[in-house]
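According to Swiss-Prot:
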- GLU84, ASP103, LEU105: Mg(2+) 1 binding site (BINDING)
- ASP103, ASP106, GLU268: Mg(2+) 2 binding site (BINDING)
- ASP106, GLY107, SER108, SER109, ASN196, LYS262: substrate binding site (BINDING)
Amino acid sequence: MQTLAQHLTSKAVNESLAQLILTLADTSKAISHAVRHGALAGVLGATEQENVQGETQKKLDIITNDMLKDALKADGTVRGLASEEEDHVVEVSANGQYLVCFDPLDGSSNIDINSLVGTIFSVLPAPQGELTEASFLQSGRNQLAAGYVLYGPSTMLALTTGQGVQLFTLHPETNEFLLTNATMSISPDTSEFAINMSNQRFWEAPMQTYIADLLLGKIGPREKSFNMRWIAAMVGDVHRVLSRGGIFTYPTDNKDPKKPYKLRLMYEANPMAFLVEQAGGKASTGYETILDIQPTQIHQRVAVILGSANEVDACLSYHGIDSRK
């Protein structure tokens, strides 16, 4: 089996970009170690702090954020970073070539129940000149690399550099990421969907109707039965979609009119959309292709519908969108 370093060489990935990816991967190994120790290391539970989104930060949110910041500062290739846990962009190295956006611990509400969590990252080119928030406001099409690390029964890294999606598994003895799936591919059709049904009454009419038709199964207009899955961590739900197909959605809702969207564009939706498109799937807000969105702020939120291409098309048809044109 190829190691991650060997794979990056075989794909002729730019040397400095490969170095950055290896830094992210090495840091995820340390994060995996911290997650596994959990209560034994006293890292579970919440702090008394909130992040810029107004969410109470878990101890591991802060620990993993600091681990990634420290590693990226030492790497030398990074101009600046943006994190879910940082109010503002962070300047790293004046000579850096890349910008890194990340969610250090996606699904952190799962920590205290010992369920799935992960790290999501996106790499963008660093523009010339002074580093500001505007430096990061590039569409997802500009991403040079994206991926996530899933801390589950095995620690797994899903990665794209624009040459398909590869899956690596962390060997528990050698502590190396080894290539275990060279070509992740999302089947175009599916009978699985992932959504937080508790928000059903707050959705827009198109999503209400779409899900209602799925639940009708064989007796409904879709004429087949669907199963629902929900992990409550985007990284886990998207990993399932990449592994066996499906559709994942966190749609617009009016539960809190000031926050109609849940997921963040720069370090959740964009990297996941890049992975999904590279694996043959589609990713949309319901009205716009995610990777085509021009960001307006680093913590911008968007609706997300992604997964098996034909099922995403079916969902979009309820929104009056024909994505096959």
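Glycine residues also receive a Cβ, built from the backbone N, Cα and C atoms like all the rest.
Taking the Cβ of GLU268 (Mg(2+) 2 binding site) as reference, residues of its chain lying under 8 Å away and at least six apart in sequence are, in sequence order, ASP103, ASP106, ILE120, MET234, VAL304.
Cα-Cα distance from SER108 (substrate binding site) to GLU84 (Mg(2+) 1 binding site): 12 Å (rounded to the nearest whole number).
Cβ atoms within 8 Å of the centroid of the Cβ atoms of GLU84, ASP103, LEU105 (the Mg(2+) 1 site) belong to the same-chain residues ASP61, THR64, ASN65, SER83, GLU85, PHE102, PRO104, ASP106, SER108, THR119, ILE120, TYR267, site residues excluded. Same-chain residues that are not part of ASP103, ASP106, GLU268 yet have a Cβ within 8 Å of the Cβ center of the Mg(2+) 2 site turn out to be GLU84, PHE102, GLY107, GLY118, THR119, ILE120, TYR148, MET234, VAL235, LEU263, ARG264, TYR267. Residue annotation for substrate gives ASP106, GLY107, SER108, SER109, ASN196, LYS262. The furthest Cα pair among them is separated by 17 Å. The CA atom of LEU105 (Mg(2+) 1 binding site) is located 20 Å away from the CA atom of ASN196 (substrate binding site). Under DSSP, SER108 (substrate binding site) is assigned to a helix (H, G or I) in the three-state scheme.
DSSP assigns GLU268 (Mg(2+) 2 binding site) to a helix in the three-state reduction.
Remark: GLY107 (substrate binding site) has SER115, LEU116, VAL117, GLY118, ILE231, ALA232, ALA233, MET234, VAL235, GLY236 as non-local neighbours, by Cβ distance under 8 Å and separation of at least 6 in sequence.
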